[in-house]
Every structure is written in C-alpha cells, then in structure tokens.
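Chemist: Pulled these features from TrEMBL for this protein:
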BINDING   G102, A103, F135, D220, E221, V222, Q223, T278  pyridoxal 5'-phosphate binding site
BINDING   R138, S277  N(2)-acetyl-L-ornithine binding site
MOD_RES   K249  N6-(pyridoxal phosphate)lysine
Amino acid sequence: MNTKTSNSTAVMNTYGRFPIVLVKGKGACVTAEDGSEYLDFTSGIATCNLGHCPEIITDALHKQLDTLWHVSNLYHIPVQQQLAEILTENTHFQQVFFCNSGAEANEAAIKLVKKYWSDQKAIERNTIITFSHSFHGRTGTTMAATAQEKIHQGFAPLTPGFQYANYNDPQALNMINTDSTAAVMLELIQGEGGVIPAETEWVKLLCEECQRQGIPVLIDEVQSGIGRTGTFYAYEQFDIQPDIITSAKGLGSGFPIGAMLASEKFSRHFTPGTHGSTFGGNPLAATAALETVKIVKNESFLQSVKEQSDWFVNKLEQMASSFNLIEEVRGKGFLIGIQLKIDAITVIKALHDKEILTLPAGPNVLRILPPLNVRNDQLVHFANKLQEVLTEIQHNKEDENHE
Ligand SMILES: *Cc1c(COP(=O)(O)O)cnc(C)c1O
C-alpha cells in the first residue's frame, strides 16, 4: 500500500503533516516507507522518552497483552495501584487519578480545584489564572485555559473562568486574590509556547503568594515530566511544593496514559461518582507506564540525562555563537529550543533532507527533543548536521543579499 500524503485523505485535516510516512522505529531511529532512516529528535513530541519500542516496555506489554487488556475501573487494578504508588513515593502527593492524555489530566485537575472550593462553600472562587504562551490542551476547557489567541479562534464561546497573566511577570502576583482566584496553573518550562523556562525566583514568589492566600498551585508537567528536564518532574528543580501536577506524554513511553497527582488536602475531594474515565489507567496503559517510571526514576538514569543534556546544550551554544541566524539556545535537560531569526520550518525541512527529525515551537523556535537514552554519537551526528544546514542557509542568504 502506498500511503496518501496529500491533505485529502479520509483522516480529518487537523494537522499540517510533513510528507514523510514513518513505519518502523528502534531507539532514536525511525524508518520511512521509502526506506530512508531518520534520527528522531522529536520523540513523538516528548513522548517516546526511552526511544522507539524500548525492549523492557515491549516485553511487559506483550506479557500483559496475553493476560488482560482491559477491565473497568469498577474493579481494582493492581498494576494501576502499583503505578500510583511509585509515582507518589517520596513525594508530597498522596493520590493519583488516571486518564488518557495531557488534556484529560488538566481537565481532571481543573475539576478537582472546582470541587475543592465547592466543598468549602466558596463557589465565588471561580477563576483560574493561566499564562501567556501557555499550552494546556485542545478540549473545550483546556483550550480556554491555554492563553493563546490562535488556539481559541473559531471556538467561541469559551469555557468561562480563566484569567490570563503574563508569564515571568511580577505583576501577575497582583492578580491573585482571595475573592475570586481558585487556582494558578502553569508550565515551568513552556513547551508548545516556544520552549520558555520560568524564572526560578518568579515561580517561588508566585507559589509563596498562593500559599499565603490558600490558593492551590497546579503545575502542568505534561511535556516537562518523566525525566525530560533532567529530574523526574521539573518542579523538583524549583524550591516549591505544588498542590497538584499533571503528567502524560512520556508517562507511557508512547502508550496513551495521563495522570493527575494531588496532595491529600485536594485529592480527598474526588469521591465515587465525581470524576471518571473508561480507559484511564487500564492494565495495558498502566503496565507501559509502570515499566517506564521504574526506569526513569532511577537516580543514575536521571544523572546521565543531566550530564548528557548539559554537554549537548553547551555544544549547541558554542555553535550558536558562529551563526547570526541564531538568537538564543534555551531549555532544561533534553527539552531544548533554538530561537531563530528565520522560520523554524526552513530549518526543519532542511534537516529532513539530512534525515533528521525536529519540531517547531511557534514560528521561530526549533524544538529539539532527543530520547533521554540517546547515544553520544547520535548527539554529535545531530550537531554536525545542524551545523551543515545552518551553514547552507546562511550562505544562501548571503548570496541573495549579493544579487
Ligand atoms: C501536549 C501538552 C498538553 C496536551 O496533551 P495531549 O495529550 O495532547 O492532550 C497539555 N499540556 C502541555 C504542557 C503539553 O505539552
């Protein structure tokens, strides 16, 4: 079969797709239908954090496939409980709600804070503050939580109850108030919004203000979690204790699963009948996630992510200084963005010709998300190819200027 690559397939046209058909993957490499082999520095958008088809997860899934695929959440699911235990051990979170995606995890978190205030008989606390350039998902409510005009376009009326503040702006603290604020929700490093890290001091002040006023802080770790930034969750690098966090993307190594973790003060407000999901944390998904978490939680694994990513970012920064096409290299761990003075798509397409996959994050940011267990020679190969591509683009630009 020759897969259609035009936009008029039977699949709805919600994505601008590159004309590449991927059919197979192993580690950091993917094979296309035409036989080309790409180095995949997208990891399925921070999802296949252990590379494609990681053996331990594959084996565990095969075993689970032969045992039990799915049972309803009306019964106890031991592997789901084990997963909740490993996610909460040595943290201040006591309980986990499982669902199927990042948006669903954020929906669950938003519902939980609403339920919390409702149980306090404080329904006037109905506004959640979110931030410019954020991304929290595409469902009705998480789209409204996402403070990006272009994501709202065409979908009025939006779910009410969100107020937008500027990211990294001390003024945002003035918007928090005990009359109406139900929660503050943010990413500690904005992924889709352009790989923008939060300033440590700002986050600390924000959280202190929330704590002073008894307002829950909800951290969206959907992209930043599962070792992506060098710690299991990114919040561990900040001097904060968020009340609620959400997790998805890398959690199941590519198998769909989402989770919302909360401290007991909040989690106890979800009681039977208040929230639910048919598939959330089913035996297959929970198995994929449990095996993933076991690997990524390992201190030596995380240490090597830190060391390798530091080395790699340093190399990219050195390279950046010799190209005036590059404005800045940003990021944490292996969640890396290069702010360009040209369209990111130009660089992404040129890298395709060198058999390398990368992502955009907004119009001018090249997003680089290698698997966390990437080999050193693969990082070197990537850096060399990026150097080649930028050199070619820069030369072409100079030629244009001379004509
Ligand atoms: C991708 C993402 C989401 C949405 O996750 P889905 O699984 O696509 O619903 C939410 N928040 C952040 C920070 C993300 O990066």
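Any Cβ shown, glycine's included, is placed from N, Cα and C.
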Chemist: Among the binding-site residues F135, V222, S277, T278, which have a Cβ atom lying under 6 Å from any atom of ligand 1?
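Modeler: Going through F135, V222, S277, T278 in sequence order, those close to ligand 1 turn out to be F135, V222.
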Chemist: May I ask which residues of the same chain, at least 6 positions away in sequence, place their Cβ under 8 angstroms from the Cβ of Q223 (pyridoxal 5'-phosphate binding site)?
Modeler: I45, A46, G102, E187, I189, G191, E192, K249, L335
Chemist: Please state whether DSSP places A103 (pyridoxal 5'-phosphate binding site) in a helix, a strand or coil.
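Modeler: Assignment for A103 (pyridoxal 5'-phosphate binding site) reads helix.
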Chemist: Report, in whole Å, the straight Cα-to-Cα distance of R138 (N(2)-acetyl-L-ornithine binding site) from V222 (pyridoxal 5'-phosphate binding site).
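Modeler: One finds 13 Å between the Cα atoms of these residues.
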Chemist: Just to verify a number: CA distance, A103 (pyridoxal 5'-phosphate binding site) to R138 (N(2)-acetyl-L-ornithine binding site), in angstrom, no decimals.
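Modeler: Spelling it out, the Cα of A103 (pyridoxal 5'-phosphate binding site) and the Cα of R138 (N(2)-acetyl-L-ornithine binding site) are 7 Å apart.
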Chemist: Compile a sequence-ordered list of residues in the same chain as F135 (pyridoxal 5'-phosphate binding site), six or more apart from it, whose Cβ lies below 8 A from its Cβ; state 'none' when nothing qualifies.
Modeler: T146, Q148, I151, E187, Q190, G191, E192, G193
Chemist: Using a 10 Å cut-off on CB atoms, tell me which of the binding-site residues A103, V222 is the least crowded.
Modeler: A103
Chemist: If you measure every Cα to Cα pair among G102, A103, F135, D220, E221, V222, Q223, T278, the residues listed for pyridoxal 5'-phosphate, what is the largest value in Å?
Modeler: 25
